[in-house]
């Protein structure tokens, strides 16, 4: 099979709106979590979120942006960055059937779904809904709103698999490359951040509510006093490219994607089984002949999910566990965008030789004892890194990325 490498990165997140800002935040262990007046005013119990600190007004042509939700906007801006980072000219990717795009979101756009329904019930009816709500609200809005303005002629579709969405998009892109169907695939996703989305998670008791007065402390993966995840938004895109194609054009190669796992728990709609995660990591590691130096865990700061994943890691690695950190303690949980964002965080650590910390661990959960959980920024040369992304419905994705070797 052909080999797939990553040659470009683009990101808009709660800890930075480009690669340089994100890198600085990762090194400093800087939290992107803030107080949300919007969530408080909506009547929610959780008043904290990982918001994007960026005014996107005027950043995208109005004829393009009129079709977009925030999820699509974040993914579009990320794709612009990734293309520039990869050194791709328009001639290299536009109108080219060998260049495709796979990008999604976990929740579509609840904001525009609600807007459309509310407008329809109002006095103006359909006129108030307008012609652009469909592309903003539809589940495939992210891929549609990127493929059209970027003139993509290859594959073009969304994957939606809850919090594993954009990791699955990357994995599927790798498979397109391996099978020889595409030379380049832009892969990733975006997620909007709004009360209309957040309230659904608050209603099921999944969000943090104890730290509204200290937002930067609310996301605390592996801490004994964690009480739920902090919802976040943003986007990310990577350029997945066939190795020989990348070498031929002299591209900078961040890493080769040497492993991809995708499994289902088939056990519970919300609670992870752990067994599916074990199979997923083992699948991703199959044929990988170098040890995993660093694992970016799914680690969302939920009481059950965190320790289920750690138990799975123990089963997979035994007494040879890699260094582990959960970047969601800094960023919050961006749902469908989390997979690609955390792949990018892992790639930046691989590129720059360090491990970002799991912050806010004041009292380590006893079920995390004995594992190499990194709580301070650590300089270390890395060769092979793993990123886990798991979601409701028992969906699992694992990516293994390695510095290129012959």
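Cβ from N, Cα, C; glycine included.
What Swiss-Prot lists as domain 'Ketosynthase family 3 (KS3)' is 1-403, and the listing cites sequence analysis. Positions annotated as active site, for beta-ketoacyl synthase activity by Swiss-Prot, on the basis of sequence analysis: 163, 298, 333.
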Return only the integer: C-alpha distance in Å from residue 163 (active site, for beta-ketoacyl synthase activity) to residue 333 (active site, for beta-ketoacyl synthase activity).
8
Report, in whole Å, the straight Cα-to-Cα distance of residue 298 (active site, for beta-ketoacyl synthase activity) from residue 333 (active site, for beta-ketoacyl synthase activity).
9
Mean of pLDDT values spanning the domain 'Ketosynthase family 3 (KS3)' (1-403):
98
Hey, does DSSP put residue 163 (active site, for beta-ketoacyl synthase activity) in a helix, a strand, or just coil?
helix
Under 8 Å Cβ-Cβ from residue 298 (active site, for beta-ketoacyl synthase activity), six or more apart in the same chain: what's there?
163, 305, 309, 326, 328, 388, 389, 390
